[in-house]
Amino acid sequence: MSSFKHNWTKSEILEIYNKPLMDLLFEAAKVHRKHHDPNTVQVSTLLSIKTGGCPEDCGYCPQAARYHTNVEGNDLMSVQQVKAQALRAKASGSSRVCMGAAWRNVKDGKEFDDVLEMVRTINKLDMEVCCTLGMLTENQAQRLAEAGLYAYNHNLDSSEEYYKEVISTRGFEDRIKTINNVRKTNVTVCSGGIIGMGERIEDRAGMLVALATLNPQPESVPINALVAVEGTPLENEQPVSIWDMVRMVATTRIVMPETQVRLSAGRTQMSQEGQAMCFFAGANSIFAGDKLLTTPNPDVNEDMKMFELLGLNPQKPFIKKMQPKTIEAKDSHFKDLGEKPKWTRPEHKIPRNENAKIKSKNLK
Ligand code: SF4
């Protein structure tokens with residue numbers, strides 16, 4: 001448990017978010033410099049190990065099977081393919097590989113066993129390994145931890161209230177339950193959300209309340225700006241302004257001082273000046289690589305040029321926490337339980353998600 005303030009309220013967070021910008025930036029930069037090296041930025045590479053065909057209805061996501069988008073699905077990558085990509089990421093300065101699979105939840109069996117082998121393989125390359133695989137039971141979290149997983153990503157996406165306007169196929173409480181399952185292991189928690197989905201500023205504050213009142217707070221918080229993809233229910237949302245992004249990053253930094261605040265989706269819409277302001281406001285992590293799962297991301301070389309220009313250095317792996325030990329499958333203490341957990345499936349329907357589904361059916 002940490003000694004940071006954990007009883008943040010929405011009104012306290014709103015007060016910070018709405019400060020005059022110069023005061024907000026100054027305060028966030030002070031907190032940032034107290035807890036982090038301001039010239040070091042952690043670089044992660046996001047790898048889509050299984051793309052598309054997801055049964056969920058997340059309104060922002062082109063990988064949901066029900067929406068008609070241009071995303072081409074693929075089956076689970078092989079361990080060798082993942083290893084090759086991880087080596088490439090390491091050579092270009094990434095200290096972490098985050099593997100994403102478009103699944104509702106992890107299912108015990110061959111595919112999960114393959115993912116565990118991918119985790120072992122990347123950890124042995126002395127890189128931090130993160131996975132984002134959907135909902136997770138405690139036993140599955142333990143098995144990932146044994147394989148050498150460093151972090152598990154499971155975003156809250158928005159406030160509990162606005163979440164119901166974006167996703168209907170699982171509840172906010174399922175997200176919290178998965179985070180709690182990860183917390184029972186020594187794997188670190190990565191959890192954040194998306195702005196620009198039509199939410200109010202109160203919802204942004206609500207999401208930060210949900211994250212900052214976790215004890216311990218997440219080690220990593222990605223802040224995404226919506227990339228509105230044609231065919232998804234949110235295709236017509238307007239891009240988030242840089243000022244909103246800077247305010248969100250600065251507020252996150254102030255309420256979660258030790259956390260790594262990650263600039264995630266939406267960086268292609270941001271100028272270098274805008275990103276520099278986010279780094280000043282406390283962002284200290286980015287996703288590198290030309291794609292973020294399925295949406296565009298700045299070119300790695302462009303990022304390295306920006307680092308040079310700003311005098312930033314990529315962070316080495318295992319600075320915040322020791323490298324986990326990898327236990328081989330044959331020595332595992334946690335067996336495949338063949339679990340079939342009952343995650344919630346709320347009954348409500350979201351009109352814009354339903355409309356997108358009907359529209360995409362007609363297009364096929
Ligand atoms: S965000 Fe994840 S869970 Fe939601 S539809 Fe996309 S792949 Fe599926």
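Cβ from N, Cα, C; glycine included.
Of the residues R33, R262, R267, TrEMBL places R262 in the same [2Fe-2S] cluster site as C98, C130, C190. The [4Fe-4S] cluster site, placed at the center of the C-beta atoms of C54, C58, C61, has further neighbours from the same chain whose C-beta lies within 8 angstroms: E56, D57, Y60, P62, Q63, A64, A102. On its own chain, C98 ([2Fe-2S] cluster binding site) has S44, T45, L46, L47, C130, C131, T132, A151, N153, C190, F287 as residues at least 6 apart in sequence with a Cβ closer than 8 Å to its own Cβ. C54 ([4Fe-4S] cluster binding site) has a Cβ environment of 23 other Cβ atoms inside 10 Å. Sequence-distant neighbours of C58 ([4Fe-4S] cluster binding site) (same chain, 6+ residues apart, CB-CB distance under 8 A): A64, D157, V166, I167.
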